[in-house]
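J.: Below you will find the structure I want to go over with you.
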Amino acid sequence: MSPGKFIVLEGSDGSGKTVQFNLLLERLQKEGLQVAKFDFPRYGEPSAYFVENYLRGEYGSLEEIGPQRASLFFALDRFAAAQQIRVALEEGKLVLSNRYVGSNMGHQGAKMDHPEERRNYFQWLDNLEFTILGIPRPDLNLILHVPAEIAHGLVGQKEQRGYLKGRQRDLHEADLDYLRKTEAVYLEIARLFPQNFTLLECMEDGKLMSIEAVHKRVWDLVKNAI
């Protein structure tokens, strides 16, 4: 049996990842593919305990926590799911994930002002997640790009999420300046690592594309990868 493919959707908060994730999942299943889906962080799972506390601000501000410490919270949640991903791939299934290591790169990299510091962090993170923790490496990472100002507004339209305990936005989503930095870092990631990350623009002629139009772009890239 041929091993399965591993596809990940990435992007800053408010970029429409979850909507596109669900549309892609439905499309893949209609095409007759066996799909194993993952959604990180896995809120409600024991492995996401530190992630949930961090995003509620219970450990302090973004600056107080720092990128490496926060990265560990998210990385260990992926480590806890790694064996399930490996088994699905060995069974020939298509693994579809909403966020993965690229989310650590984008969100935690946004806490660093200097490009050289970010590049060192990216190397450190790659070693942590893929070598030390040994989690599977995706075949395709798609980064959905929506400008921070538009994404910030879309976050406000999200339904209530249990892990926030009544709050509308988490620690990342509440800070527009941080969202701008995250957007810039995701664009940088696509430039630095084109073999691993593919940028998918969700804007056309200065306007946000329709959900259906973005899905078509997503599907065109995914079908070529599988």
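For all residues, glycine too, the Cβ spot is worked out from N, Cα and C.
Okay, so TrEMBL annotates it like this:
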- 9-201: domain 'Thymidylate kinase-like' (DOMAIN)
- Gly11, Ser12, Asp13, Gly14, Ser15, Gly16, Lys17, Thr18: ATP binding site (BINDING)
J.: Can you work out the mean pLDDT of the predicted model over the domain 'Thymidylate kinase-like' (9-201)?
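T.: Averaging the confidence scores along the domain 'Thymidylate kinase-like' (9-201) gives 90.
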J.: Among all protein chains shown, how many Cβ atoms are found within 10 Å of the Cβ of Gly11 (ATP binding site), not counting that one?
T.: 26
J.: For the binding-site residues Ser12, Thr18, which Cβ has the most other Cβ atoms within 10 Å, all shown protein chains included?
T.: Ser12
J.: Using a 10 Å cut-off on CB atoms, tell me which of the binding-site residues Gly14, Gly16 is the least crowded.
T.: Gly16
J.: Below 8 Å Cβ to Cβ and six or more residues apart, same chain only. Which residues does that give for Lys17 (ATP binding site)?
T.: Leu9, Glu10, Gly11, Asn98, Arg99, Leu144
J.: Would you identify which of the binding-site residues Asp13, Ser15 has the most other C-beta atoms lying within 10 angstroms of its C-beta?
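T.: Max Cβ neighbours within 10 Å, all protein chains included: Ser15.
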J.: On the three-state reduction of DSSP, what should I expect for Gly11 (ATP binding site)?
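T.: Where Gly11 (ATP binding site) sits, the three-state DSSP reduction gives strand.
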J.: In three-state terms from DSSP, label Gly16 (ATP binding site) for me.
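T.: Where Gly16 (ATP binding site) sits, the three-state DSSP reduction gives coil.
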